[in-house]
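Pulled from Swiss-Prot:
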- Cys105: active site, S-palmitoyl cysteine intermediate (ACT_SITE)
- 75-125: domain 'DHHC' (DOMAIN)
- 1-21: transmembrane segment (TRANSMEM)
- 28-48: transmembrane segment (TRANSMEM)
- 119-139: transmembrane segment (TRANSMEM)
- 164-184: transmembrane segment (TRANSMEM)
Amino acid sequence: MGFVYYVTLFVFIDDWVGLQSSAGKLNALLFSLLASLCLFSLSICVLVDPGRVPASYAPDVEDSGWSNSNVTETRKCDKCFAYKPLRTHHCRVCRRCVLKMDHHCLWINNCVGYANYKAFFILVFYATVASIYSTVLLVCCAFKNGDSYAGNVPLKTFIVSCGIFMIGLSITLGTLLCWHIYLITHNMTTIEHYDSKRASWLARKSGQSYRHQFDVGFYKNLTSVLGPNMIKWLCPTFTRNPEDGISFSASRDS
């Protein structure tokens, strides 16, 4: 991230319009804002606990199936030897159960789960926007200074290498962003997506249609992660919602 920030400001913007110009200052300010939002989102992903099962948690036996508004399931972790709520999984790296676990992310050295999934998604969003923005600035810089770069082999090699890197980074982050948009709009975690493949195959085999049990509709799926206030959707701080990480609204209740 530090390398991308440095070359964007002191190479791409400076060589294109100059950092002291009005356009240069504006672009530097906008990119610095994006970089700050990335760092803020990253810090939340790293520092916030993804979701710990309460020590006092015990499933309600009478509510072990479908209820009026929520679904729960009695399950016990064979590693923690404790009850774990629905959508909770045991992380082999963290060596504990995580509420609504999506995956363990090596880049943040933390699990992505109920309490920090929004921050992770917003981090990917801002990082994608920043990488595309940097790539556009690189292209503008290259078009303006193409002739001068052509006569300087080391500089030309550096610019081309940066272009390959930034395009690859933008495609990678953009793909990751699209993937998590898909998961959010279907109210799935990464783990549940792969689990649902078999369920979907079995449903088709028996001539039935399959719908993920927590898919409660496009808008409700979005608000379950991003929160009910649209103004705060791009703020990475965790937004409390009616779900508590232990019980969740189910599709047959929607």
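Here, residue 1 is simply the first one shown, and the rest follow in order.
Glycine is no exception: its Cβ is also placed from the backbone N, Cα and C atoms.
The Cβ of Cys105 (active site, S-palmitoyl cysteine intermediate) has Cys45, Cys111, Val112, Phe120 as same-chain neighbours under 8 Å, each 6 or more residues away in sequence. When the domain 'DHHC' (75-125) is classified with DSSP, helix, strand and coil residues number 9 helix, 14 strand, 28 coil. Outside the transmembrane segment (119-139), and at least 6 residues removed from its termini, the chain residues within Cβ reach (under 8 Å) are 4, 7-8, 12-13, 16, 27, 30-31, 34-35, 37-38, 41-42, 44-45, 48, 102, 105, 108, 112, 159, 162-163, 166-167, 169-170, 173-174, 176-177, 180, 184, 225-226, 234-238.
Per-residue pLDDT, averaged across the domain 'DHHC' (75-125), gives 93.
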